[in-house]
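Presented below is the structure to which this report refers.
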Amino acid sequence: MVQPADIDVPETPARPVLVVDFGAQYAQLIARRVREARVFSEVIPHTASIEEIRARQPVALVLSGGPASVYADGAPKLDPALLDLGVPVLGICYGFQAMAQALGGIVAHTGTREYGRTELKVLGGKLHSDLPEVQPVWMSHGDAVTAAPDGFDVVASSAGAPVAAFEAFDRRLAGVQYHPEVMHTPHGQQVLSRFLHDFAGLGAQWTPANIANALIEQVRTQIGDGHAICGLSGGVDSAVAAALVQRAIGDRLTCVFVDHGLLRAGERAQVQRDFVAATGANLVTVDAAETFLEALSGVSAPEGKRKIIGRQFIRAFEGAVRDVLDGKTAEFLVQGTLYPDVVESGGGSGTANIKSHHNVGGLPDDLKFTLVEPLRLLFKDEVRAVGRELGLPEEIVARQPFPGPGLGIRIVGEVTAKRVDTLRHADSIVREELTAAGLDNQIWQCPVVLLADVRSVGVQGDGRTYGHPIVLRPVSSEDAMTADWTRVPYEVLERISTRITNEVAEVNRVVLDITSKPPATIEWE
């Protein structure tokens, strides 16, 4: 048997609540909700061995939902040894059913399915104490627990689930058939908090100040007396990562900012002014706009543009690093990788590789770096909170997500200097009006897209025009995995449309994209 001492255990700022992922679309969301209760959490696949889980020294376990039936061939199984670790356990949906089955309860095909909003009847217990006796919850199940394990109290039911929740408070075990992690379960966060703080007895220690202090100490330990390079993009992730490292090692960090000419209005000046003023970091700016535009000439295909921009960025960054080092040595490269990136890339923990994430990828072989990724355990909202804790200005911390290829993938068609200027002007108007209307905190991001290869007929003054359309794509989201279009007030949309068609040359039409994700992605390209 593999002993815990033989297992590579990732360094974390605190002992985690482990979310055991049984294939749920909401596993990351569960981890986020646990952290919103000020408790550190991580996602681990159900294929992890009991030795691996024990080695992580969890303070509690949450068993996630999943698409399978506990009776199906090849369905994920719950190792009963998990329930003997002596830590509190909460089962959700499939995890609830697997938990019930492992403990001797009965899971059956009742013939009644529940998908979507369902009425939950609270029958007592501690998990739902002080909450409404009848409350809406979000269900997604075909099978149901029809008999709780011995020693468990049935504390809730629904039309399709005679046992919709059970608990054994003295054993610190509980489970719910519904999804407390989704916004469609209004009291779900209270139920999760009740489990974490009352059942598990965990304190609220996962705070921005504690996170920042722990990460700074980790970086200080990793880099020691070494030197580091950080590629700044102008976005919040790289800015906060750089600020943490700068706080840890001071002037032994050098930041490189590549201006590829595809930035939004004022972004280069903002980085040079606000970031340096807030951190005191050494910053080297590379003006590569002309090089990027030359490389993009004649290219309209979205993937082709992405590859060219990525390749040119690597070359510009490589040249800047060589100039900065000038014969000296920097052993570490700082990247703003976030926790969703780690999970989606496989995370080294047996999960499927959905996509690769690299802030700076494909560096030449003779540039040898050890990666420093101080944010790799954080979600976006936590990154913003840490940034505020470090004193970064709101102009950086509250910045909407912006793609690495910049405006290059918000121009549908070939990228030219004139088209970039047109889109940049329209984008600045949209940002000004949304900020003036107080909508920045309601919108995850608002891509502004130029349909450069499309023209439409219009009338301005006494003449006929033949101009380009601009597309507004305001979306609301928590993590960009799913998104809904934001209901921007009509009067704000009217001001935006009027200003763009009056102030931006060759644009005579503004349209609104009202498609959710899925089926559409947030960006057009």
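Glycine residues also receive a Cβ, built from the backbone N, Cα and C atoms like all the rest.
Feature annotation from Swiss-Prot assigns active site, nucleophile to Cys93. The DSSP secondary structure for Cys93 (active site, nucleophile) is coil. Sequence-distant neighbours of Cys93 (active site, nucleophile) (same chain, 6+ apart, CB under 8 A from its CB) are Ala24, Ser64, Gly65, Gly66, Ser140, His141, Val176, Gln177, Tyr178, His179.
The annotation active site is assigned in Swiss-Prot to His179 (among others). The Cβ of His179 (active site) has 23 other Cβ atoms within 10 Å, all protein chains considered. Under the three-state DSSP scheme, His179 (active site) falls in the coil class.
Taken from Swiss-Prot, the feature active site applies to Glu181 (among others), supported by similarity to another entry. The 10 Å shell around the Cβ of Glu181 (active site) contains 29 further Cβ atoms across the protein chains shown.
In the three-state DSSP reading, Ser238 (ATP binding site) counts as helix. Taking all protein chains in view, 25 other C-beta atoms sit within 10 angstroms of the C-beta of Ser238 (ATP binding site). Summarising the annotation, Swiss-Prot assigns ATP binding site to Ser233, Gly234, Gly235, Val236, Asp237, Ser238, Ala239 and lists similarity to another entry as the type of evidence.
What Swiss-Prot lists as domain 'Glutamine amidotransferase type-1' is 16-205.
Marked as domain 'GMPS ATP-PPase' by Swiss-Prot: 206-399.
Put simply, Glu181 (active site) is 29 Å from Ser238 (ATP binding site) when counted between their Cα atoms. Spacing of Gly235 (ATP binding site) relative to Glu181 (active site) is 28 Å (Cα to Cα, whole number). The 10 Å shell around the Cβ of Gly235 (ATP binding site) contains 20 further Cβ atoms across the protein chains shown. Here the binding-site residues are Val236, Ala239, and the one whose Cβ sees the fewest other Cβ atoms within 10 Å is Val236.
Secondary structure at Ser233 (ATP binding site), taken from DSSP and collapsed to helix, strand or coil, is coil. For Glu181 (active site), the spatially nearest entry among the binding-site residues Ser233, Gly234, Val236, Ala239 is Val236, judged by CA separation.
The ATP site is set by Ser233, Gly234, Gly235, Val236, Asp237, Ser238, Ala239; from the centre of their CB atoms, other residues of the chain with a CB within 8 Å are Leu232, Val240, Ala241, Gly336, Ile396, Arg399.
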